[in-house]
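As recorded in Swiss-Prot:
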- 2-22: transmembrane segment (TRANSMEM)
- 70-90: transmembrane segment (TRANSMEM)
- 100-120: transmembrane segment (TRANSMEM)
- 136-156: transmembrane segment (TRANSMEM)
- 171-191: transmembrane segment (TRANSMEM)
- 231-251: transmembrane segment (TRANSMEM)
- 253-273: transmembrane segment (TRANSMEM)
- 294-314: transmembrane segment (TRANSMEM)
Amino acid sequence: MFLMNILCLIIPILLAMAFLTLVERKILGYMQLRKGPNVVGPYGLLQPIADAIKLFIKEPLRPLTSSKTMFILAPTLAFSLALSMWIPMPMPHPLVNLNLGVLFILALSSLAVYSILWSGWASNSKYALIGALRAVAQTISYEVTLAIILLSIMMLNGSFTLSTLTTTQEHLWLIFPLWPLAMMWFISTLAETNRAPFDLTEGESELVSGFNVEYAAGPFALFFMAEYTNIIMMNALTTILFLGALHNPLFPELFTVNFVTKTLLLTVTFLWVRASYPRFRYDQLMHLLWKSFLPLTLALCMLHVSTPTMLAGIPPHM
């Protein structure tokens, strides 16, 4: 039965991830006044299936000097972690209702750094290694602000369980009182998932394709799938944290529809940002975090710790 639950969680995620690639290409196409994929199937709807078949039947070549075990292990780890992060997500019922769901997601997103580092190191290519080092520095840096923002929200929530956030936001979405944090959170999620304008790891002019430059066929597809699964996961988390979906215990379907709609809108915003903004310079990326976001999030975190205490509005279970 539990295996069935896991399959019911993973299959919709994989389908959503497959069609997100199509949605991205369509949106970018229409924003550049062209059609996007429209040959495979009606309106190009079968394009993701064609892409998957093409990638998985190709021969998985690897460089002669690469480290074989790590080269295969890195993409597998990346994709496994991307799927594991969905375990504590309330939609409206999580697969496993963890007490420290937020901490679990943070820990797994930190582990994803290893898959990037290993892939760059195992490829034995200078481009892949430089791309991996950039990606690791960027991911670790932006995780600092993500953790502090999450801490502020958990102070207001009174618990590290994601499910209680729906109760917290019954009367007011947290995006209204916490809009500065929401803005910084959204920008940090863009950087965390290596998306434009923060896709420094894939600087075509200097690094070809970044840490996955030596990958082809199946292993490359796993990295690709991990990236898009992470994008949907981050937007789902943003929805839970800031745009608390309507939860009526009598009609749990309403929660799911509400949740999916908000996540979809946020994902389209991700793609819109990609179509609109040029890439940052690497020093600007780091300055934005360490000189702007970190002091601001720390100040706001102190505010959110002190205000409830000052007004004696401490959550009862703390």
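Keep in mind that glycine also has a Cβ here, set from the backbone N, Cα and C atoms.
What you see is a predicted model, and the numbers here were worked out from it, not measured in a lab.
Highlighted: of the candidate stretches 136-156, 171-191, 294-314, 171-191 has the greatest count of Cβ pairs under 8 Å to the transmembrane segment (253-273).
The transmembrane segment (294-314) makes no contact with the transmembrane segment (100-120), as judged by fewer than three Cβ pairs under 8 Å among residues 6 or more apart in sequence. Within the chain carrying the transmembrane segment (2-22), a Cβ under 8 angstroms from the stretch's Cβ atoms is held by residues 37, 44-45, 47-49, 51-52, 83, 86-87, 95, 224-225, 228-229, 231-232, 267, all 6 or more beyond its ends. Counting only same-chain residues 6+ beyond the ends of the transmembrane segment (231-251), those with a CB under 8 A from a CB of the stretch are 13, 16-17, 20, 82, 85-86, 89-92, 105, 150, 153, 162, 165-170, 173-175, 178, 182, 185-186, 189, 192-193, 195, 258-259, 262-263, 266-267, 270. Residues 70-71, 73-75, 77-78, 81-82, 84-85, 87-89, 94, 128-133, 135-136, 139-140, 143, 146-147, 150, 154, 160-163, 192, 211-212, 215, 223, 226, 230, 237 of the same chain lie 6 or more positions beyond the ends of the transmembrane segment (100-120) yet place their CB under 8 Å from a CB of it. Among residues of the same chain six or more beyond the transmembrane segment (136-156), those with a C-beta under 8 A of the stretch's C-beta atoms are 102, 106, 109-110, 112-113, 116-117, 165, 168, 174, 177-178, 181, 184-185, 188-189, 191-192, 194, 198, 200-201, 241, 285-286, 289-290, 293-294, 297-298, 300-301, 304-305, 308.
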